[in-house]
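Following: one structure in C-alpha cells, then a few remarks.
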Amino acid sequence: MLSKLNTEQREAAMYLDGPLLVLAGAGSGKTRVITHKIAYLVEECGYAARNIAAITFTNKAANEMRERVSLLLPGKSAKGLVVSTFHSLGMTILRAEAKLLGYKPQFSIFDSSDTFKIISELTNSGDKQEIRDIQTQISNWKSAFVAPEQAVVVADSADAEAYARIYMRYQETLRAYQAVDFDDLIHLPVLLFKDHPEALLRWQHKLRYLLIDEYQDTNDCQYQLTRLLAGTRAAFTAVGDDDQAIYAWRGASIENLHNLRTDYSQLRVIKLEQNYRSSQRILKVANALINHNTKVFEKKLWSDHGIGDPIRVYAARDDEHEAESVVMKLVTHKFENQAKFSDYAILYRSNYLSRAFEEQLRAQRVPYTVSGGTSFFDKPEIKDITAYLRLIANPDDDPAFIRAITTPKRGIGNATLEKLGSHAGLRHISLFEAAFDVQIEQLLPPRQYEDLMVFCRFINRLEDRAESDPCGELLDELLRAINYETWLYDSSDARQAESKWKNVEDFIGWLKRKSEADEKSLIAMVQTIALINMLEGKDKEQEAVSLSTLHAAKGLEFPHVFIIGAEEDILPFRDSDAKGIEEERRLMYVGVTRAERTLQISYCKRRRRGKDWALCEPSRFLEEMPQSELVFAGGHAEAVQVVTKDEGMDKLARLKAMLAKPVAES
DNA sequence: GGTGATGCCTTTTTT
DNA sequence: AGGCATCACC
C-alpha cells in the first residue's frame with residue numbers, strides 16, 4: 001500500500017512510536033503522506049476510521065482529503081473518519097458538550113458581519129475602521145487565551161481598557177443570544193476540556209489518532225486544542241511548512257512549529273525535501289526568493305524534473321491591458337499545447353484584482369471558476385433565508401430575529417423593534433422572549449402587537465417540527481408561508497429577482513441533499529452554513545480556468561500559472577512592516593510553487609485610481625529572483641529581453657526610473 | 001425633513 | 001460589487 005511513497009514519506013506514514021512532525025516543502029507530497037497514513041492505520045494497524053481525525057484549514061482541503069482517502073480505502077472502511085477543519089471539529093465538540101458550558105446545542109454561530117453589528121451597537125461609533133480594529137483585537141485576545149476580565153486588568157492604556165470593556169460586554173451579548181463566534185468554536189472546547197476532564201477523556205477516547213495539516217497556520221488556541229486532544233499518548237502527526245505560513249494576520253504563529261519541539265521532547269522530525277511538482281527552474285526561483293526570509297528550519301527543495309521553460313515577467317500598460325494580454329497568452333498557449341483550461345490558474349493578492357480578468361475571460365468565452373471572494377452564503381437572499389433557519393434553531397438569536405421579522409416587510413418597523421429591544425435590554429432577555437412578556441402588549445400598538453405575535457407563533461410552530469419533520473418539507477413550507485418568491489419580484493427588477501430566486505432554489509436544493517446525505521437535522525445544517533462559503537459539489541472538475549487568491553490557492557497545483565498584479569503596494573501589500581514583508585514573500589512563494597511547468601508573473605505600469613492614473617512599481621520580489629531565469633516582456637521592458645543576464649538588474653533599475661516619470665493623462 | 005435612487009469611488013488575505 | 005454620498009422628489 002505504501003509502495004508509491006519515497007523513503008521519507010513511507011517513514012512518516014509508518015511512524016507510530018510517538019508524536020511526529022513532518023516538515024514538508026511545497027509539492028513534496030504531504031497530503032499523500034496524510035492520506036496514506038490514514039489508510040495504513042486502518043488497514044494495517046487495526047484503527048477504526050471513526051477513531052482517526054484529520055484536521056485541515058479549509059473546507060476545500062477537507063473535501064479533497066476525504067475524497068483521496070476514500071480512493072485508498074475500499075468500501076466502507078473509511079466510514080466515520082473525521083475529516084474537518086479546526087472550526088467544524090470545534091463545532092461538533094461544542095454541540096455535543098454544550099450543556100456543560102451553559103449553552104444549548106442549537107447555539108447560533110455568528111459570522112463577522114453579525115459580530116460587526118454587535119460591536120458597532122456596543123460602541124455607538126460609526127467608525128468602521130475602529131470597529132474592525134476592535135474585532136481583530138477581540139479575536140487576538142481569544143486566540144491568545146486572554147479572558148475579558150484579564151484583558152481589562154492588563155490594559156496599559158485608556159484605549160486598551162475601553163476595548164477590553166467592549167470585549168466583556170461583547171461576550172455577555174453573545175451568551176445572551178446563545179451564540180458563539182468563530183474564535184469561540186475553538187476557544188470554548190479548550191475551556192471545556194480544562195474544566196471537565198471527563199469530557200476530555202471521552203473525546204480522547206474517540207479521537208485516538210490526530211493528523212493535522214498545514215500546522216504552520218495554527219494559532220495558540222488551536223495548538224492548545226491539539227495538545228489536549230492528543231493527551232499523554234501524544235498520538236499525532238503534524239504536517240507543515242514554515243515557508244508557507246500565510247495566516248499570521250489571523251493569529252497563526254509559526255512558533256507553534258518550535259513549540260512542538262519543546263513541548264514534546266520525544267518529538268520525531270522528518271523532512272520531505274523532494275518536490276514532485278515543479279520544474280527545476282521554478283524551484284530555483286522559489287528557493288532564491290524564500291531565502292530572503294530569516295529561516296528557522298533549513299530545508300532544501302530539489303526536483304528531478306527537467307529544467308523547464310524560463311519564467312516570464314510581463315509588464316502591462318494597465319490592468320485592462322494586463323487582463324487582455326494574459327488571457328490572450330493563455331488561450332494561445334492552450335491551443336498550441338492542446339492543453340485543458342483546467343490546467344491554468346490566474347492567481348492574485350486581493351479579490352478585487354480578479355474583476356478585469358473575469359471580464360476578459362467572459363469576452364473571450366473562456367470558462368472559469370473563481371474561488372475565494374464573496375461567499376455564496378453572503379448574498380442577501382441567502383442571508384434572508386438563513387436568518388429564518390437560524391431563528392427556528394435558536395429563537396434567542398437577535399440578529400436573525402431582526403432580519404427575519406423585517407424581511408419580507410410585515411408591518412414591524414424600527415419603532416416597534418426599538419420598544420421591543422429596550423424592554424429586552426432591561427430584562428436581559430432576547431427579543432423573541434421579550435415578545436411574550438406580559439408588559440409588551442401594553443407597550444405596543446395593537447396592530448403591531450398582533451403582527452408580532454403572528455410571527456412569533458409561526459416561528460414556534462416551525463421550531464416544534466424542526467427536529468422531527470423532514471428538512472425538505474419544512475423548507476418548502478417556510479418559503480411558501482413567507483411568500484419569498486413574490487416578495488423578490490416585488491422588490492427588485494425581474495432579471496435580478498430571477499437570479500436571486502435561482503440562488504435560493506440552489507441553496508434549498510443543496511440543503512435538502514446535504515441533510516439527507518449526511519443524515520443531519522436542519523439545525524445541524526444551519527450551524528454548518530456559517531463555516532462554509534461555497535456550495536460543494538456544484539462545479540466539480542469543470543473544464544475551466546481557475547481564478548483564485550494566493551491564500552485560497554495554497555495546497556493546489558496547476559501545470560500553468562499566471563501570477564498577476566506583482567506590484568509594490570499590492571504584493572507586497574502596502575504598509576507591510578518587516579514581518580509583514582516576510583509573510584508577503586511567503587505568499588509569493590506559495591504562488592510560484594503552485595506551478596508545475598510554466599509560470600508568468602505580470603504587473604501593471606499604472607493603475608486607475610479614481611479619475612487619474614497612479615504609477616505602479618514592480619514588486620521587489622521580482623528583483624529577489626535570479627534574473628538569469630527570468631525573461632522580460634511587454635511595454636517598456638521589451639528592451640530588457642535582449643540584454644545579458646548580468647545587466648538584468650541594471651535594466652530593471654532603469655526601467656523603474658523610467659516609470660517614475662509622470663505618465664500623460666489619457 | 002426624510003427617503004429613495006443613482007452614480008461615483010475604492011477594494012487584504014478567511015474560518 | 002458594494003458602500004457612500006449627493007441630489008431630487010415626495
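We count from 1, first residue shown onward.
Note: Cβ is positioned from N, Cα and C throughout, glycine not excepted.
Features as listed in TrEMBL:
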BINDING   A:Ala24, A:Gly25, A:Ala26, A:Gly27, A:Ser28, A:Gly29, A:Lys30, A:Thr31, A:Arg277  ATP binding site
DOMAIN    A:3-279  domain 'UvrD-like helicase ATP-binding'
DOMAIN    A:280-555  domain 'UvrD-like helicase C-terminal'
| From the centroid of the CB atoms of A:Ala24, A:Gly25, A:Ala26, A:Gly27, A:Ser28, A:Gly29, A:Lys30, A:Thr31, A:Arg277, the recorded ATP site, which same-chain residues not already listed sit within 8 A by their CB, in sequence order? | A:Asp241, A:Leu272, A:Asn275, A:Tyr276
| query | Averaged over the domain 'UvrD-like helicase ATP-binding' (A:3-279), what pLDDT does the prediction give? | reply | 90
| Where A:Ala24 (ATP binding site) falls in three-state DSSP terms | strand
| note | Close in space but at least six residues away in sequence, with Cβ under 8 Å from that of A:Ala24 (ATP binding site), the same-chain residues are A:Lys30, A:Val33, A:Val239, A:Gly240, A:Asp241, A:Lys271, A:Leu272
| task | Go through A:Ala26, A:Ser28, A:Lys30, our binding-site residues, and report the one whose Cβ sees the most other Cβ atoms within 10 Å. | result | A:Ser28
